[in-house]
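So the structure is just underneath, and the comments pick up after that.
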Amino acid sequence: IRCPLLRPPVNGYVRGSNSYGDVTNFTCDPGYNLVGASSLTCLSDGTWNGSSPICMAVQCPFLPRPTNGFVSGSNSYGDVTNFTCDPGYNLVGAPSLTCLRDGTWRGQPPTCAG
């Protein structure tokens, strides 16, 4: 008895066999978290005991808008957030930050000096 082959989740891997009684394990790439079951078992009726999980990008904390400035971008792993200042103010620090796979930002948010 065999269950249907399982596809790996986007940004992840699947490891195991699809024969009755076999357990298939799922893992995600660095920077992604598994949402759902980490393993499924092939049942005697040729079905899996659950549905395949997905891999969701790690989220960094939202960055506040600098005083006298703007922030734009997203906060998922690999995303870049950009900072600009109001007219008459100068950006002090990096103009952009990148969300890292551990859920932290590379660098410190800049400020706007007048």
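Residue numbers in this text run from 1 along the chain shown.
Each Cβ is built from the backbone N, Cα and C atoms, and glycine gets one as well.
Of the listed residues Cys3, Cys55, Cys60, Cys55 is the one TrEMBL pairs with Cys28, by disulfide bond. Looking up Cys112 in TrEMBL gives a disulphide bond whose other cysteine, out of Cys85, Cys99, is Cys85.
Here Cys28 (disulfide bond) is positioned 38 angstrom away from Cys85 (disulfide bond), judged by their C-alpha atoms. Across the fold, the C-alpha of Cys55 (disulfide bond) and the C-alpha of Cys112 (disulfide bond) stand 37 Å from each other.
Cys28 (disulfide bond) and Cys112 (disulfide bond) have their C-alpha atoms 38 Å apart, to the nearest angstrom. In sequence order, Pro66, Thr67, Asn68, Gly69, Cys85, Asp86, Tyr89, Asn90, Leu91, Val92 are the residues of the chain that are 6 or more apart from Cys112 (disulfide bond) and have a CB within less than 8 Å of its CB.
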